[in-house]
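Presented below is the structure to which this report refers.
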Amino acid sequence: MLRYIAYRLALLIPILLAVSLLVFVLLHMGRGDPALDYLRLSQIPPTDAALAEARHTLGLDRPLAEQYLVWLWRALHLDFGTSFVTGRPVLDDLLYYLPATLQLGGAALAVTLLVSLPLGIWAARRPGRWPDQLVRFIAFFGVSMPNFWLAFLMIALFSVLLGWLPPMGRGGLEHLVMPVLAVALMSLSINARLLRASLLEASGQRYVLYARLRGLPEGQVWRRHILRNAWLPVVTAIGMHVGELIGGTLVIETIFAWPGLGRFAVSAVYNRDFPVLQCFTLLMTGLFVFCNLIVDVLYAWLDPRTRLEGAQVC
Amino acid sequence: MNQLGFKRKLGAFLLAAGMILPAFTQAEVLTYSWPTNAGPLDPRGYSPNQMYAQAMVYEPLVRYRADGSVEPWLATHWDISPDGLIYTFTLRDGVRFSDGSVFDADAAKTNIEAVMANRKRHAWMELVETIDHVETPDANTLRLILKHPYYPTLLELAQVRPLRFAAPDAQPGRPVGTGPWQLVESRRGEFDRFARNPYYWGPRPVYDEVLVKVIPDPSSRAIALETGQLDLIQGSEGEVSADTFERLKGKGYHTAISAPLATRVIALNSNLAPTNELAVRQAINWAVNKDAIVKHVLYDLEPRADALFSTNLPYTDIGLKPYDYSPDKAREALEQAGWVLKSGEKIRYKNGQPLRLELCFYGANALQKSVAEVVQANLGSLGFDVVLKGEDEGALVERQRDGRFGMIFAETWGAPYDPHSFVSSMRYAGHADYQAQKGLPMKAMIDQEIGEVLASVDEDKRQTLYRHLLTTLHEQAVYLPISYLTATSVSRDSVENVQFGSTLFDVPFEVMKPAGN
């Protein structure tokens with residue numbers, strides 16, 4: 001198992017390298033000019049001389065290949081450059097905003113699990129009956145509703161109309177409610193339906209029939225035979241949800257003025273803050289790959305069959 | 001017993017709270033928002049230093065007024081030598097920085113020399129290149145010696161950066177100015193808190209603090225105002241969208257629109273067919289229904305523009321005759337110039353060439369796109385074939401540089417840059433204005449006059465030169481002025497005396513008052 005984990009972590013290096021190159025190329029393929037954005041933000045009239053000076057200051061006057069190699073060399077020393085916009089080291093800014101995003105994403109993940117699991121089980125225990133229909137309705141609603149739209153609707157109701165919840169900022173639990181719901185709803189909906197389908201599939205298996213024939217109590221049948229087998233697809237899905245949740249925070253943080261990474265990255269996109277976008281993408285790739293690694297390890301632990309296969313691969 | 005204990009504790013707490021709370025509630029805080037943090041507030045720094053915040057903390061020698069003149073500020077008096085080369089300022093007595101240190105001629109000199117030491121960085125401002133050296137005959141007198149006469153010297157000294165003053169002995173990175181406010185706390189991505197400068201020489205601001213929350217999204221900002229998280233929204237860069245402004249106005253919030261601060265124009269290329277013909281450029285000016293644009297696209301937030309510069313700017317109130325909306329006049333001008341519309345056709349032709357031109361705009365700017373569509377429709381009905389080109393900013397800059405446009409969106413730079421800095425830039429290739437004017441037979445004369453007006457020390461001569469220059473540009477119809485950009489503000493009942501700054505870049509928090517004060 002340790003060898004497997006080491007192998008997966010080693011795989012991270014070419015992945016990050018490829019992602020960094022891809023992002024670099026994509027950023028520079030766009031025709032927008034960060035120097036122009038810098039001047040706009042600085043309220044400096046964009047004269048030729050000012051543009052040249054800004055390009056020089058931002059290091060954009062060097063050949064592209066050189067820019068990438070310099071960036072890469074520094075990145076290997078954990079120096080990801082200076083933000084065009086804030087003037088601070090990129091890593092410093094990103095790490096500053098990371099906890100707020102982890103808090104939001106973590107809370108959303110927790111809510112996703114805490115709500116989708118009971119809903120999925122509830123629906124699967126009564127297929128075709130009203131609980132199932134209700135969960136189906138919630139799921140359709142959740143999947144169809146864009147998260148930013150839900151965010152605005154919630155703000156209109158709970159903040160503007162009723163005045164119950166603060167519409168923005170980071171603070172106590174009350175600040176967390178709406179952003180977390182907005183981020184989590186889609187993952188939660190997918191997860192509930194997935195678990196329901198998975199449970200129903202597992203409960204149709206022969207071993208469940210045999211368990212029942214053996215006279216095991218129904219609770220035990222569900223716990224030990226249906227749930228344990230139905231977990232697996234859901235665990236894989238959770239790995240995917242991590243990406244979804246992080247993607248969700250990008251927009252939601254901007255709407256709720258949540259001082260996190262997502263909002264910082266969205267501003268960086270607007271202002272063509274290349275160093276920030278480069279580092280942000282790497283950080284997110286690393287986080288995503290790492291979460292999937294955890295999921296895979298968890299998967300192996302839950303399912304002895306994959307563990308065996310994994311051992312053979314290693 | 002436990003319960004009794006709890007009650008006692010609660011009672012004691014409430015009593016204490018009752019005594020402490022009034023002390024807290026007395027602090028009057030104005031809440032405002034901005035898309036980013038204020039930045040490190042280096043008086044000579046550009047992005048990420050936010051100009052509204054630099055203007056709160058640092059002060060100029062002279063201050064720009066809405067009518068385009070300057071008023072005494074840190075300098076109470078000034079003399080300009082007859083040759084326009086020496087500016088002698090008498091500095092205000094008793095001015096202290098927010099750390100208690102004294103503002104005097106030496107402090108001022110240190111700041112100006114710090115700018116000059118970095119000329120390249122500040123080269124966009126002509127004055128920085130023009131100052132030869134600084135002298136301090138005594139503690140209250142500051143003398144600027146210029147290399148050549150430059151009339152906008154006072155106007156450029158009034159700007160928010162880089163020629164303002166920080167305490168020379170302040171710890172590096174600590175913003176210490178003479179302004180009414182000092183930055184006391186800054187939390188990244190959340191807020192910046194400004195408190196009154198205890199040593200401020202001028203009228204004491206009524207608010208104790210200005211809390212500026214970081215809110216990048218305009219919709220979220222509007223919600224923050226509606227839910228009482230903000231007292232005030234004010235700005236000139238879409239801090240509140242036009243329809244939200246209308247909605248909030250309808251809900252009874254206080255709203256205001258500033259005087260014109262800059263001009264939204266479309267430059268017409270006099271160096272490229274068919275706009276190389278005066279008749280075509282004039283026809284375009286007559287053909288576009290600006291009132292409809294102002295009403296339906298701009299929601300009446302910006303007044304119609306009839307000339308390149310609004311008349312509240314210096315030297316621009318010269319009675320230029322507007323091109324009124326008149327499709328008939330436009331049609332007549334085109335017919336006379338030989339652009340013929342054959343029956344059954346939609347496009348005019350002259351010598352086999354169609355009346356076709358490209359209108360270039362910033363594709364991500366919804367407002368420019370809407371205006372462009374109205375222009376396209378207006379001109380289309382007269383037999384023009386207007387091709388809309390929505391592109392990114394970089395592509396637009398390239399077009400401005402090499403003149404590949406029929407019509408292109410532009411904005412003047414606004415007070416206090418208008419008219420002098422904007423006019424100055426017309427001389428340099430790389431600007432849309434230069435390219436647009438390049439085909440004019442009198443372009444050389446225009447450029448020469450711009451040089452003369454900037455160096456002119458005689459007020460009458462300057463007015464005459466400006467009159468001739470602006471009249472020529474107007475008559476040659478190289479611009480299609482659309483509207484005058486304004487700042488907007490929306491505020492709650494909690495704040496009174498909300499006013500606008502005299503430029504695009506400052507918000508006068510110091511004159512605002514809490515309700516009932």
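Using the three backbone atoms N, Cα and C, a Cβ is placed for every residue, glycine included.
Annotation source TrEMBL lists domain 'ABC transmembrane type-1' at A:98-295.
Sequence annotations record features per position, and here TrEMBL assigns transmembrane segment to A:94-122 (among others). Tertiary neighbourhood of the transmembrane segment (A:94-122): same-chain residues 80, 131, 135, 138, 170, 176, 179-181, 183-184, 187-189, 191-196, 198-199, 227, 234, 238, 241-242, 245-246, 248-249, 252-253, 258-264, 276, 279-280, 283, selected by CB-CB distance under 8 Å and a gap of 6+ residues from either end.
Marked as transmembrane segment by TrEMBL: A:134-164 (among others). Proximity of distant same-chain residues to the transmembrane segment (A:134-164), defined by a Cβ-Cβ separation under 8 Å and at least 6 residues beyond the stretch ends, is recorded for 119-120, 122-123, 177-179, 181-183, 185-186, 188-190, 192-193, 196, 248, 251-252, 255-256.
Annotation comment: TrEMBL describes A:176-195 (among others) as transmembrane segment.
Residues 97-98, 100-101, 103-105, 108-109, 112-113, 120, 147-148, 151-152, 155, 167-170, 175, 178-179, 182-184, 186-187, 190-191, 194-195, 198-199, 201-202, 266, 284, 287-288, 291-292, 294-296, 298-299, 302-303 of the same chain sit 6 or more residues outside the transmembrane segment (A:230-260) yet have a Cβ under 8 Å from a Cβ within it. Annotated transmembrane segment per TrEMBL: A:230-260 (among others), in sequence order.
The feature transmembrane segment is assigned by TrEMBL to A:280-302 (among others).
Only residues 6 or more beyond the boundaries of the transmembrane segment (A:176-195), in the same chain, are considered here, and those with a CB under 8 A from a CB of the stretch are 103-105, 107-109, 111-113, 115-117, 119-121, 123-124, 135-136, 138-143, 145, 147-148, 150-151, 154-155, 158-159, 165, 167, 230, 233-234, 237-238, 241, 244-245, 248-249, 252-253, 255-256, 258.
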